[in-house]
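The active site, nucleophile annotation in TrEMBL covers Cys272. TrEMBL lists 8-13, Asp33, Arg38, 86-90, 127-128, Glu161, 272-275, Arg342 with the feature NAD(+) binding site. TrEMBL lists 328-452 with the feature domain 'UDP-glucose/GDP-mannose dehydrogenase C-terminal'.
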Amino acid sequence: MVKICCIGAGYVGGPTMAVIALKCPAIEVVVVDISKPRIEAWNSDQLPIYEPGLDDVVKQCRGRNLFFSTDVEKHVAEADIIFVSVNTPTKTRGLGAGKAADLTYWESAARMIADVSKSDKIVVEKSTVPVKTAEAIEKILTHNSKGINYQILSNPEFLAEGTAIEDLFKPDRVLIGGRETPEGRKAVQALKDVYAHWVPEDRILTTNLWSAELSKLAANAFLAQRISSVNAISALCEATGANVSEVAYAVGKDSRIGPKFLNASVGFGGSCFQKDILNLVYICECNGLPEVSNYWKQVIKINDYQKSRFVNRVVSSMFNTVAGKKIAVLGFAFKKDTGDTRETPAIDVCKGLLGDKAQISIYDPQVTEDQIQRDLAMNKFDWDHPMHLQPTSPSAVKQVSVVWDAYEATKGAHGLCILTEWDEFKTLDYQKIFDNMQKPAFVFDGRNIVDGEKLREIGFIVYSIGKPLDAWLKDMPAVA
């Protein structure tokens, strides 16, 4: 009987362990976290994260071979395999601030493992970490080993939020990196045996430690790069009258390129893309590779450019001022089917509009008012540090109201910005919305999900990213 313990009950630890418990009924799986409210939520009917299919999996296993506990030390001491999926935020101060990963939480987890362990352990890196973290962890464990043997493995997470359970059931690949020693290979095999309960053998890849750590950063950098590539083209499409959807479709038809991740939008978000690329940039700089680091920096620069370009469009279309005007924002999460707002483009867009003194009314089907107010009051990178280190209940931003339906958000508004591609926004009654808005009424579609022609027939002035511009917009400067 193998016992698995996972430190960190977040977006990665929770779903991953729930699926392991479901697929391996003979293995006892315990998820531990120092946050009492978070563990209580995992043990309740209202789980702390929204993920399609997660509820079913947790309810099937919880109390049978899946447990959630705040008794971190007890379960770590008893476990054979310990997954560590704690936050690795971007440093906000000190050496490498704004780029390097902050490994404080990782290090304290490692020291705690060394303190409480009485038997040999396999320690698995699950959080996204910079290359060479495993080596640092290994040093901490071996220098405090008291004769206990530790094997470090890297098993990076390739989940996409919104489809995490599906991704865990049928992964493209499971990557396990370990030391190329007899003990290292044995540890890799032990973890492989866990995944082999439901993942076909040919999808479980084994590499050395550094390759596994770097593969995760590289995979996210490549995905983000595709989004920035199509977003860069979208700006050119608007300038020339081309249609980015047609261009992306034509490009994606090349089987070497493929159609995925070619939707132009207001920008990418999520907890990993920006963080991982900044990390990659920092590692390149530390290894004396400025040309490589500058190359990857551009991916983030284009993403920032895309967000500020969107704000400029909104402001310049409305006679170059949004001061005192009500603007409806539909969608705040960084993509549909998740309540996650980390690094969502909506934060920068809303801050840009607030900077010009707009009144904003926000509706998102999954994000709470408390979360939105916190995001808008927070400094960059703060979101990834623990709650008690974040600003205490921030003074709510007065020009922001959060409402619970799209019609309420748009009532009396001058403009409407779609910032998340929730399916329900495609089927809204836009005639009703138009009738209740100030005229001229504007729609700024940051996700290209509405039918621009239909909206123009209703009477809206429409801006869709990378699409030919309305006559109205052509006369307005592209950069305010």
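Glycine is no exception: its Cβ is also placed from the backbone N, Cα and C atoms.
Caution: TrEMBL annotation is automatic and unverified by curators.
Keep in mind that this is a model prediction, so the values were computed, not measured.
Positions of TrEMBL features highlighted on the structure.
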residue	record	Cβ neighbours (10 Å)
Gly8	NAD(+) binding site	25
Tyr11	NAD(+) binding site	21
Asp33	NAD(+) binding site	23
Asn87	NAD(+) binding site	20
Thr90	NAD(+) binding site	23
Glu161	NAD(+) binding site	24
Cys272	active site, nucleophile	25
Gln274	NAD(+) binding site	23
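It is 16 Å from the Cα atom of Gly8 (NAD(+) binding site) to that of Cys272 (active site, nucleophile). In this structure, the C-alpha atom of Cys272 (active site, nucleophile) lies 11 angstrom from that of Glu161 (NAD(+) binding site). Per-residue pLDDT, averaged across the domain 'UDP-glucose/GDP-mannose dehydrogenase C-terminal' (328-452), gives 90. Within the domain 'UDP-glucose/GDP-mannose dehydrogenase C-terminal' (328-452), the DSSP-based counts of helix, strand and coil residues read 43 helix, 19 strand, 63 coil.
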